[in-house]
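Student: This structure is in structure tokens; I'll ask about it shortly.
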Amino acid sequence: MAVPFLSSSLQLTPTSPILFTKVTPTPIIHNHRSTCTIPTKPRLRLLRRSAVAGTAVSDQTEGGGDVLLNPEEEKRVEVADYDWTEEWYPLYLTKNVPEDAPLGLTVYDRQIVLYKDGEGTLRCYEDRCPHRLAKLSEGQLIDGRLECLYHGWQFEGEGKCVKIPQLPASAKIPKAACVKTYEVKDSQGVVWVWMSTKTPPNPEKLPWFENFARPGFFDISTTHELPYDHSILLENLMDPAHVPISHDRTDFTAKREDAQPLVFEVTERSNRGFAGTWGREKEGGKGSNLLRFDAPCVLQNNREFEGKDGVKNYFSGLFLCRPTGQGKSMLIVRFGVTKRSPLVSVLPQWFWHQNACKVFEQDMGFLSSQNEVLMKEKVPTKDLYLNLKSSDTWVAEYRKWMDKVGHGMPYHFGHRTISLPKVPPVVEHAPAGLIAALSASYPAKGGIGTMHAPNLANRYFRHIIHCRSCSNVIKSFELWKNILSATAVALTALAILVVSRQWKAVLLGSAALCSAAAYTCLRAINLNTNNFIRTHRRL
């Protein structure tokens, strides 16, 4: 899902070159005639590859070879050294990290807890108390220490246990009573985590975005938790072709009559990602929009444009996608520009936040069902997708990149290869059962009543709980709704008691205005918490 007002103005900024890593000789190639992954020896790889190629080309090029991306352009699958833990992953917007409570998060299936200590320093631990495995994210902060609320064990700094209430006064705290720590960095308003506990953090891999460091650069940033895999999410974000159709009239830049062939040019490929330009065929196919994907999950869409005053301006659409387990992902979206539109200044930020939620909801059904098919079919995307040259170039590039490095991930679906998860999604998310999983998830923290049960299809749990500004706005609207409703009732009662017709009219008119204002607050609350429902129409 590329957000509509982004898709027509995407471009790339120069970054440091991406270095190739050593290539290993044993890829895993999937034979599309079966439903299993086949590890092949280097000597047999080309033979097996040829068998697959012959069928795929004859099937997919018949009646469409001039418009379909050729799935057999490469003679072999190139495999690169890769370890998913030796990467920086985006955790949260710094401004939204709670000051007074720990925050439970995940990267793939690894559960971690993030909090601020007494000095405001960010700390990240494994979300598991060494005592009896209770979630530390369900704990509390006391004097800058993270306390497990099960038995009161307290931890600080580099995971050291500093208090065990049940321990005799003369006894020393065991050295084993410590928690595993992860390195975190606050960079350009985003908290990043280094997932490896064996390899020291590599500062050169920490993303840096040139546009966001420019003087006067203004951005609107939102966080969204989504019910589909991060690879599906990335595919959607790098797909400008769907925007005029799926997001028709969501804002003034998305119109279905503008759907047209697109022209793509790949300008860079490496083991760390790819980059290129794209443009609309009707505009001569000029690549004024630039896209860059950097491992493991960073997508940039940038554009440079000149204003009427001759000053060069910069626009960025930045998507930071964190895998949070099978069929789940979390996305930080950041739209920024050096020249702010007057409309952005007039409308409140919560309006843009709910509009972003609406865009994700428009695509949610498509992407969730796509995720379901991939999990059921258990074959590479080349056996399922019909990628067009004029719309799907970035999607094919991304899946081919997965072919190179997917062996170093917990699981992957590449263009030609797959590696399936070790455990089924249901077992990963609910090993002790659905109710136990709900009780142990954020923000339920033990409570699974209708008010607190997490539901990733619901806008409140996808965005509001992760956004401090929207949470505060809803609380304010709720407060004013109650005040105005009570005032309207009081004015109506007073109007009944007074004798003067003139005062009755004034009081009833005031009550009507208060009721209208209370209704407006209710509508604003609904706008921020209720999902968009697509209304189909005959065209």
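Cβ coordinates come from backbone N, Cα and C, glycine included.
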Student: Of ALA51, ALA213, ALA356, which one does Swiss-Prot label N-acetylalanine?
Tutor: ALA51
Student: Quick check on the annotations: Swiss-Prot lists motif 'Redox-active motif' for one of 19-22, 55-58, 455-458, 467-470. Which range is it?
Tutor: 467-470
Student: Looking only at residues six or more beyond either end of the topological domain 'Stromal' (528-539), which have a C-beta under 8 A from one in the stretch?
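Tutor: Beyond its ends, the topological domain 'Stromal' (528-539) has Cβ neighbours at 350, 353-354, 357-358, 361-362, 457-460, 464, 470, 473-474, 477.
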